[in-house]
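Below: the structure, in structure tokens.
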Amino acid sequence: MAIERTLSIIKPDAVAKNVIGQIYARFEAAGLKIVAAKMVHLSRGEAEQFYAVHKERPFFKDLVDFMVSGPVMIQALEGENAIAKNRDLMGATDPKKAEKGTIRADFADSIDANAVHGSDAAETAAVEVAFFFPGMNVYSR
């Protein structure tokens, strides 16, 4: 099995609900290590740049507005099959369709306020981790 890194964002809705610790406990219980983390309030420019892949989609403006509405917790996770493990923990994008016991089923309110973001592939994970943690501030352990 390959050791991978993936990016995870706990979105403003979940930060406001004070469930960061509960989400972190799920990462750790699944064997994922938090190798970098920071709380930030994204600027509009940062959110637009991070989600640029969705720029032409009808939901882009609402997504950016939501992501700048409050602080977010950003972390790089590391472990065997980290990308797939994190996506399994998150559950379906729409919390109404997410399996019971997933982060979105337990903490998300809607398809827009869906608690968490996670990289979807190795290539995007590398880009996303580098976007928020450039240089030497990711620490394997």
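Glycine too: its Cβ is placed from the backbone N, Cα and C atoms.
Residues or ranges marked as ATP binding site by Swiss-Prot on the basis of sequence analysis: Lys11, Phe59, Arg87, Thr93, Arg104, Asn114. In the structure as shown, the Cβ atom of Thr93 (ATP binding site) sits within 10 Å of 14 other Cβ atoms.
Long-range C-beta contacts of His117 (active site, pros-phosphohistidine intermediate), restricted to its own chain and to partners at least six residues apart, with a cutoff below 8 Å, comprise Leu7, Ser8, Ile9, Lys11. In three-state terms derived from DSSP, His117 (active site, pros-phosphohistidine intermediate) belongs to an extended strand segment. Marked as active site, pros-phosphohistidine intermediate by Swiss-Prot: His117.
The binding-site residues under consideration are Lys11, Phe59, Arg87, Arg104, Asn114. Their Cβ neighbour counts within 10 Å are lowest for Phe59.
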